[in-house]
Amino acid sequence: MAGGDGMLRRLLRLHRTEIAVAIDSAFPLLHALADHDVVPEDKFQETLRLKEKEGCPQAFHALLSWLLTRDSGAILDFWRILFKDYNLERYSRLHSILDGFPKDVDLNQSRKGRKPLAGPKAAVLPPRPPTKRKALEEPRATPPATLASKSVSSPGSHLKTKPPKKPDGNLESQHLPLGNGIQTMAASVQRAVTVASGDVPGTRGAVEGILIQQVFESGRSKKCIQVGGEFYTPNKFEDPSGNLKNKARSGSSLKPVVRAKGAQVTIPGRDEQKVGQQCGVPPLPSLPSEPQVNQKNEDECAVCHDGGELICCDGCPRAFHLACLSPPLQEIPSGLWRCSCCLQGRVQQNLSQPEVSRPPELPAETPILVGLRSASEKTRGPSRELKASSDAAVTYVNLLAPHPAAPLLEPSALCPLLSAGNEGRPGPAPSARCSVCGDGTEVLRCAHCAAAFHWRCHFPTAAARPGTNLRCKSCSADSTPTPGTPGEAVPTSGPRPAPGLAKVGDDSASHDPVLHRDDLESLLNEHSFDGILQWAIQSMSRPLAETPPFSS
């Protein structure tokens, strides 16, 4: 055994410079040495200060020189920690040292040359992982089978519990990514735990997690619960004797509350019990013996898991970098600020609440223009009409809102609105076709019904097109024109009603020709809806000579 101890000391002296050059970061090697009591607290702080002044290789070279003066047990522990998986992943140059390590040297031998520490310092040391595991099992003395078979009934819902998963005993270590890609969990400290929702008021369903031990970037080693891909750290599993030591290293206090993506669960049995549901994740129940929580925001970004200048959410413990937000912020906003998860959770919570029954409302009255009323709306029943004065620019009629399936305007009502161009004159419509010959070249628009037609097809005996106010054969027949002058049928004396303005109480509107689908689509593409409304308002301002007065 003595020969093996001397061999380890000689190997450390031989590879001291190589190890110091391979260590380019104090974490996780230095923190692991402090956690396993290989490096005391004062030497830990001294190495960190030296790293800031001279660099990491020089600081570790001085630490290894000091370690050569220690007993053989400390050197054995150093080699064990150095060749752990997370150190080999973090420091790739250590593989060459491991490959050249003598095969006959056993690093698993027991430590006999090191005396256990006694006195007050021994009380400050954190217990070994097996002791922690035993402490974890004591609060949950109920067997998993009993918890799984236990059913809790709540009003309006039936809860089901899942059987606990079997712990995987062949997993020695599990590596989890942090901001720098390093996060480790101790081996053989995983156990499936199923908690019924009835144990904690305000929770729904059963939450199943795995108790694990986690080593964080700051060097702290704590118990946490794994639920899916998330890890939550209850304050109960923190060792009280090790908090002072961990606080001195990390410079920040531990988070004592169990967090499940924004959900907070306080201690059952207190006067105030609050359960915050955010992001739609069910809250994780806390243990009955958990101490009073002290709400604080996290000291790392919830997106990239890195520190720095963070903006804290006022609705949950999360914190974010301004650049990690979506969309990113340029500066910290003033007043209260909530993250997208809190806002989404509020919307989902409002939608999940039952709506208060309201008395049935009367059908809304929709004011529409008189000139835009279709023929089908006139036969739906009596309507309340306002008495219009002679100098009114626009006349409105209050109609009961029609059925959603019924269109407000029919193609026959849109024909006169879309017939005029920018100058109020009919023009050629390339996409429309004549109703007689079916040809779409050089077609004209009727000034009354906006139907596409050829002059030669509707009036083959006419010599030329008189005027610009052209009408098709059907519209000219209604107004009794002469075949040679169909566009002059409208009298010029007296006020002329707007084309397409439906008369109140007149049933002749149902005889308006219906546009084909191609004609209607072409008209809608050529004219905007604002132009249609503007035309309607201008047309409605003209006095209606043929319209009877409205009844009061």
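Each Cβ is built from the backbone N, Cα and C atoms, and glycine gets one as well.
Features as listed in Swiss-Prot:
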type	residues	note
COMPBIAS	504-514	compositional bias 'Basic and acidic residues'
DOMAIN	1-106	domain 'HSR'
DOMAIN	182-282	domain 'SAND'
REGION	109-177	region 'Disordered'
REGION	472-514	region 'Disordered'
MOTIF	8-12	motif 'LXXLL motif 1'
MOTIF	64-68	motif 'LXXLL motif 2'
MOTIF	114-134	motif 'Nuclear localization signal'
MOTIF	414-418	motif 'LXXLL motif 3'
MOTIF	520-524	motif 'LXXLL motif 4'
ZN_FING	298-345	zinc finger
ZN_FING	434-475	zinc finger
Secondary structure tally of the zinc finger (298-345) (DSSP, helix then strand then coil): 6 helix, 4 strand, 38 coil
Within the motif 'LXXLL motif 2' (64-68), residues counted as helix, strand or coil by DSSP: 4 helix, 0 strand, 1 coil
Composition by DSSP (helix, strand, coil) of residues within the domain 'HSR' (1-106): 76 helix, 0 strand, 30 coil
Composition by DSSP (helix, strand, coil) of residues within the zinc finger (434-475): 7 helix, 4 strand, 31 coil
Per-residue pLDDT averaged over the motif 'LXXLL motif 1' (8-12), given as an integer: 89
